[in-house]
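Colleague: Annotations for this protein, taken from TrEMBL, read as follows:
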- A:20-42: transmembrane segment (TRANSMEM)
- A:77-97: transmembrane segment (TRANSMEM)
- A:118-139: transmembrane segment (TRANSMEM)
- A:159-183: transmembrane segment (TRANSMEM)
- A:204-232: transmembrane segment (TRANSMEM)
Amino acid sequence: MVTVTHAGRRTPKVAKTNSVVKKVVMAVSGIIMLLYLVAHVIGNLKVFAGRDSFNSYSEWIRTVGEPAVPHQTVLTIVRVVLIVAVVAHFWAAVSLWRQAKRARPQAYANKKSVAQSYASRTMRWGGVIVLLFIIWHILDLTVGTVNPDGTDSTPYDRLVASFQNPFITAFYVLALILLGMHLRHGIWSVTQTLGQSNRRRERTVNAFAVVFSTALTAGFLLVPFSVLFGLVD
Amino acid sequence: MQSSVGDPGAGKRGMNLTLRIWRQKDPTVKGKMVTYKVTDISPDMSFLEMLDVLNEQLIMQGEDPVAFDHDCREGICGMCGVMINGEAHGPQQTTTCQLHMRSFKDGDKIDIEPWRASPFPVIKDLAVDRRAFDRIIQAGGYISVATGTAPEAHATPVPKKDSDAAFDAATCIGCGACVAACPNASSMLFTAAKVTHLGLMPQGQPERDDRVVNMVAQQDREGFGGCTNIGECSHACPKGISMETISRLNHDLLGALRAGARPKS
């Protein structure tokens, strides 16, 4: 190899945490959030059983385990686990993002992507948009601060009020499609990061990722579209 | 120089090309893309021969020829990596020396850039310093055995499946195309190929855990990016090393960390 003095070479910052460990943090926190999403989409379908069924489900989430455990115990545990998962996921993502930026300070004048899927390309900014969506979504349907019906309404009323507005529904649709793409690459990435993928499984994993993320997105989209088209009111 | 330059038919088939090449005097100064024209290029020339023609032209004009790395010119040494029209080693999945001008057509504009990664600083023009790879190898890409006469071939049996998979990984020539093509400038495919190659062989077992933790720690230390499983590396690899090796590295690393292996500082 040609040798040269190291003049002008910037000393790379020593990575404090192993980059693969960061990816594992990303994968494990991703799995936790994914499992929550499955529970979430199943719960959503209660809306089709009517106002009372949906509202009592919402109430059950807060009272489950009583009187053995205090009010909202289960919900609080779930919330804490999810917040930890979101923070860990975000920390790992930002850290790897910065590491990648440092690794290529000079961009190519001409760079083609031959293997990169749209899903994998939108992981970072798509993830940021999904995070902002989740914050807004909680303020809208859980807290009610930004909901057209305000904070003094039942969960069912908030849901209907929001999705009757086509602009809000459009925002949900956009965010859920981004979420679906995020999961499509995420599921594949999890199997790689946890060392469970190989050439034989690669096709199956990718097919599963596409089917699963499409089904989950469709499941979530069912509710806003049903409200928008007057099937739920 | 190959016979294609003296080919009597070359003039008739010759291509005229516009090249935009990264010119940078040394690691300390800023570089820029400079446009050159070459004429009458035979489709039978290799890409490097085309650059040779350009350099002869530049020398005749009293200009500084374009520096580019090359050695074997037969696709096995891994020295000749450059970015051609945004793809590592150009439009074919091979090394730059094995890329032929028949992959281009008359009138084409071709952008030629060095690998872009902070652990691969530009030495001059298209030549980069890839010693970061050597240091990753030094961190664990070896087996410690007594040298001497070659051992009896059947002394250590290796299952055919393992030896095939190990050999597939061992075809890595360390050219750096994986790093160049990766959106994160990650060296994961390179390191994973070495970890897979040695980790599948019986001879590689005693140091297997230390190898993976030390090689990964070294690639982080060199300043490479992290892997996000996109797959650009594998598509750019002239040897077609698969993404499976990366999964295997991750698997080995997690096992090694659980077993208590820690990188040497």
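Yeah, the Cβs are placed from backbone N, Cα and C, and that goes for glycine too.
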Colleague: Are the transmembrane segment (A:204-232) and the transmembrane segment (A:20-42) near each other by the rule of at least 3 C-beta pairs under 8 angstroms (pairs 6 or more apart)?
Modeller: yes
Colleague: Grab the same-chain neighbours of the transmembrane segment (A:204-232) for me: Cβ-Cβ under 8 Å, and only residues 6 or more beyond its ends, written as numbers and ranges.
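Modeller: Residues 37-38, 40-41, 44-45, 47-48, 159-160, 162-164, 166, 169, 172-173, 176-177, 179-181, 183-188, 191, 197.
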Colleague: Six or more residues out from either end of the transmembrane segment (A:159-183), which same-chain residues have a Cβ under 8 Å from its Cβ atoms?
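Modeller: Sequence-remote neighbours of the transmembrane segment (A:159-183) are 34, 37, 47, 54, 118-119, 122-123, 126-127, 129-130, 133, 136-137, 140-141, 147-149, 153, 209, 212-214, 216-217, 220-221, 223-225, 227-228, 232-233.
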